[in-house]
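These notes are about the structure you will find just below.
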Amino acid sequence: VKFDIKNQCGYTVWAAGLPGGGKEFDQGQTWTVNLAAGTASARFWGRTGCTFDASGKGSCRSGDCGGQLSCTVSGAVPATLAEYTQSDQDYYDVSLVDGFNIPLAINPTNTKCTAPACKADINAVCPSELKVDGGCNSACNVLQTDQYCCRNAYVNNCPATNYSKIFKNQCPQAYSYAKDDTATFACASGTDYSIVFCP
(Lines of atoms letter the chains of each structure in order from A and count residues from 1; the text may use other names and numbers.)
(Lines give C-alpha, C1' and ligand atoms only; values in the text may rest on other atoms or scores of the structure.)
Protein backbone atom coordinates (compact mmCIF):
# COMPACT_ATOMS: atom_id res chain seq x y z
CA VAL A 1 0.00 0.00 0.00
CA LYS A 2 1.35 3.39 -1.00
CA PHE A 3 0.72 6.68 0.81
CA ASP A 4 1.54 9.95 -0.97
CA ILE A 5 1.72 12.62 1.70
CA LYS A 6 1.29 16.13 0.30
CA ASN A 7 1.85 19.52 1.89
CA GLN A 8 -0.58 22.18 0.64
CA CYS A 9 -0.05 24.41 3.69
CA GLY A 10 1.52 27.81 3.23
CA TYR A 11 4.30 26.74 5.62
CA THR A 12 6.76 23.91 6.21
CA VAL A 13 5.34 20.71 7.72
CA TRP A 14 7.44 17.93 9.18
CA ALA A 15 5.41 14.85 8.28
CA ALA A 16 5.54 11.81 10.54
CA GLY A 17 4.53 8.21 9.99
CA LEU A 18 4.45 4.98 11.97
CA PRO A 19 5.78 3.11 10.10
CA GLY A 20 7.59 5.52 7.79
CA GLY A 21 9.64 7.80 10.02
CA GLY A 22 9.51 11.47 9.15
CA LYS A 23 10.42 14.14 6.66
CA GLU A 24 10.60 17.92 6.41
CA PHE A 25 8.73 19.20 3.39
CA ASP A 26 7.71 22.58 2.07
CA GLN A 27 4.49 23.70 0.41
CA GLY A 28 3.83 21.72 -2.77
CA GLN A 29 6.17 18.85 -1.93
CA THR A 30 5.16 15.16 -1.64
CA TRP A 31 6.60 12.38 0.54
CA THR A 32 5.85 8.79 -0.52
CA VAL A 33 5.66 5.98 2.05
CA ASN A 34 5.29 2.38 0.88
CA LEU A 35 3.96 0.04 3.56
CA ALA A 36 5.44 -3.45 3.55
CA ALA A 37 3.03 -6.28 2.70
CA GLY A 38 1.25 -7.47 5.83
CA THR A 39 1.49 -4.13 7.66
CA ALA A 40 -1.58 -4.21 9.92
CA SER A 41 -1.86 -0.52 10.74
CA ALA A 42 -0.30 2.89 10.23
CA ARG A 43 -0.74 6.46 11.38
CA PHE A 44 0.46 9.71 9.86
CA TRP A 45 0.44 13.24 11.23
CA GLY A 46 2.00 16.63 10.62
CA ARG A 47 4.40 18.43 12.93
CA THR A 48 4.85 22.19 13.04
CA GLY A 49 7.50 24.60 14.28
CA CYS A 50 10.33 22.06 14.31
CA THR A 51 14.07 22.54 14.56
CA PHE A 52 16.45 19.61 14.10
CA ASP A 53 20.23 19.38 14.08
CA ALA A 54 22.28 17.53 11.45
CA SER A 55 21.81 14.24 13.31
CA GLY A 56 17.98 14.54 13.23
CA LYS A 57 17.52 15.45 16.90
CA GLY A 58 15.47 18.45 17.99
CA SER A 59 11.90 19.36 18.85
CA CYS A 60 8.58 20.47 17.38
CA ARG A 61 5.94 22.93 18.56
CA SER A 62 3.21 20.37 17.77
CA GLY A 63 3.23 16.63 17.03
CA ASP A 64 6.76 16.06 18.40
CA CYS A 65 7.84 12.39 18.51
CA GLY A 66 10.50 12.13 21.19
CA GLY A 67 12.63 14.85 19.61
CA GLN A 68 13.42 12.80 16.49
CA LEU A 69 13.11 13.85 12.84
CA SER A 70 12.37 10.21 11.89
CA CYS A 71 9.62 9.06 14.25
CA THR A 72 9.65 5.67 15.98
CA VAL A 73 7.08 6.63 18.65
CA SER A 74 3.68 8.32 18.50
CA GLY A 75 3.51 12.08 18.39
CA ALA A 76 2.81 14.35 21.33
CA VAL A 77 -0.77 15.56 21.62
CA PRO A 78 -2.52 17.48 20.20
CA ALA A 79 -2.14 16.28 16.61
CA THR A 80 -4.59 15.61 13.78
CA LEU A 81 -4.10 11.96 12.76
CA ALA A 82 -4.64 9.95 9.59
CA GLU A 83 -5.19 6.36 10.76
CA TYR A 84 -5.16 3.21 8.63
CA THR A 85 -5.91 -0.43 9.53
CA GLN A 86 -5.77 -3.41 7.19
CA SER A 87 -7.88 -6.55 7.74
CA ASP A 88 -10.52 -8.03 5.39
CA GLN A 89 -10.54 -4.55 3.82
CA ASP A 90 -8.96 -1.17 4.52
CA TYR A 91 -10.33 0.96 7.34
CA TYR A 92 -9.23 4.57 7.71
CA ASP A 93 -10.17 7.79 9.46
CA VAL A 94 -9.15 11.35 10.21
CA SER A 95 -8.89 11.41 14.00
CA LEU A 96 -9.24 14.32 16.41
CA VAL A 97 -9.28 11.96 19.43
CA ASP A 98 -5.79 13.27 20.29
CA GLY A 99 -6.76 16.84 19.44
CA PHE A 100 -6.06 19.03 16.40
CA ASN A 101 -3.01 20.82 15.07
CA ILE A 102 -3.38 21.21 11.26
CA PRO A 103 -6.11 20.45 8.68
CA LEU A 104 -5.82 17.06 6.97
CA ALA A 105 -7.58 14.90 4.36
CA ILE A 106 -7.32 11.26 3.25
CA ASN A 107 -7.99 10.61 -0.45
CA PRO A 108 -8.24 6.96 -1.56
CA THR A 109 -7.22 6.25 -5.17
CA ASN A 110 -10.40 4.14 -5.39
CA THR A 111 -12.93 6.87 -6.19
CA LYS A 112 -15.85 4.72 -4.93
CA CYS A 113 -14.53 5.20 -1.39
CA THR A 114 -15.16 8.18 0.89
CA ALA A 115 -12.41 10.80 1.15
CA PRO A 116 -12.74 12.16 4.71
CA ALA A 117 -11.29 15.55 5.53
CA CYS A 118 -10.95 18.01 8.38
CA LYS A 119 -10.47 21.29 6.50
CA ALA A 120 -11.45 23.71 9.27
CA ASP A 121 -8.96 25.51 11.49
CA ILE A 122 -10.20 24.21 14.84
CA ASN A 123 -7.48 26.24 16.60
CA ALA A 124 -9.53 29.36 15.77
CA VAL A 125 -12.53 28.12 17.82
CA CYS A 126 -10.69 26.12 20.48
CA PRO A 127 -12.03 26.64 24.03
CA SER A 128 -9.41 28.36 26.18
CA GLU A 129 -9.13 25.39 28.55
CA LEU A 130 -8.13 23.10 25.64
CA LYS A 131 -5.81 25.59 23.89
CA VAL A 132 -2.09 24.82 23.81
CA ASP A 133 0.80 26.22 21.80
CA GLY A 134 0.35 24.93 18.25
CA GLY A 135 -2.99 23.20 18.65
CA CYS A 136 -6.27 22.37 20.36
CA ASN A 137 -6.20 19.48 22.80
CA SER A 138 -8.93 16.90 23.33
CA ALA A 139 -11.03 17.06 26.50
CA CYS A 140 -9.79 13.58 27.46
CA ASN A 141 -6.13 14.63 27.30
CA VAL A 142 -6.74 17.74 29.42
CA LEU A 143 -9.49 16.77 31.87
CA GLN A 144 -8.74 13.01 32.15
CA THR A 145 -12.25 12.02 33.28
CA ASP A 146 -13.92 8.70 32.42
CA GLN A 147 -16.74 10.58 30.68
CA TYR A 148 -14.42 12.43 28.29
CA CYS A 149 -12.12 9.43 27.80
CA CYS A 150 -14.90 6.79 27.44
CA ARG A 151 -13.44 4.65 30.23
CA ASN A 152 -14.87 2.48 33.02
CA ALA A 153 -18.60 3.25 33.45
CA TYR A 154 -18.58 5.02 30.06
CA VAL A 155 -16.77 2.34 28.08
CA ASN A 156 -19.90 0.99 26.35
CA ASN A 157 -22.12 4.05 26.58
CA CYS A 158 -20.17 7.20 25.85
CA PRO A 159 -22.21 10.01 24.30
CA ALA A 160 -20.70 13.06 22.66
CA THR A 161 -19.84 15.95 24.99
CA ASN A 162 -19.92 19.71 24.53
CA TYR A 163 -16.20 19.55 23.76
CA SER A 164 -16.33 16.75 21.20
CA LYS A 165 -19.29 18.51 19.53
CA ILE A 166 -17.06 21.55 18.86
CA PHE A 167 -14.69 19.27 16.91
CA LYS A 168 -17.57 17.46 15.18
CA ASN A 169 -19.30 20.69 14.12
CA GLN A 170 -16.07 21.93 12.54
CA CYS A 171 -15.16 18.60 10.91
CA PRO A 172 -18.22 16.29 10.56
CA GLN A 173 -16.22 13.54 8.80
CA ALA A 174 -13.53 13.32 11.49
CA TYR A 175 -13.42 11.04 14.52
CA SER A 176 -14.20 13.53 17.29
CA TYR A 177 -13.87 11.32 20.40
CA ALA A 178 -13.12 7.69 21.29
CA LYS A 179 -16.60 6.28 20.52
CA ASP A 180 -17.41 8.34 17.41
CA ASP A 181 -17.73 5.25 15.21
CA THR A 182 -19.60 7.06 12.42
CA ALA A 183 -16.27 8.44 11.24
CA THR A 184 -14.45 5.24 10.22
CA PHE A 185 -14.51 4.49 6.50
CA ALA A 186 -13.81 1.29 4.56
CA CYS A 187 -12.30 0.63 1.15
CA ALA A 188 -11.24 -2.45 -0.81
CA SER A 189 -7.82 -3.86 0.09
CA GLY A 190 -5.02 -2.85 -2.24
CA THR A 191 -6.12 0.77 -2.47
CA ASP A 192 -3.45 3.48 -2.31
CA TYR A 193 -4.01 6.79 -0.54
CA SER A 194 -2.90 10.39 -0.54
CA ILE A 195 -2.83 12.30 2.72
CA VAL A 196 -3.06 16.05 2.27
CA PHE A 197 -2.10 18.66 4.85
CA CYS A 198 -4.23 21.84 4.48
CA PRO A 199 -6.59 20.36 1.84
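Backbone N, Cα and C define each Cβ position, glycine as well.
Looking up CYS71 in Swiss-Prot gives a disulphide bond whose other cysteine, out of CYS60, CYS65, is CYS65. Noted from Swiss-Prot: CYS118 is disulfide-bonded to CYS171, selected from CYS50, CYS60, CYS158, CYS171. Other Cβ atoms within 10 Å of the Cβ of CYS9 (disulfide bond), summed over all protein chains shown, number 19. Annotated pair CYS136 (disulfide bond) and CYS113 (disulfide bond), C-alpha to C-alpha distance, rounded: 29 Å.
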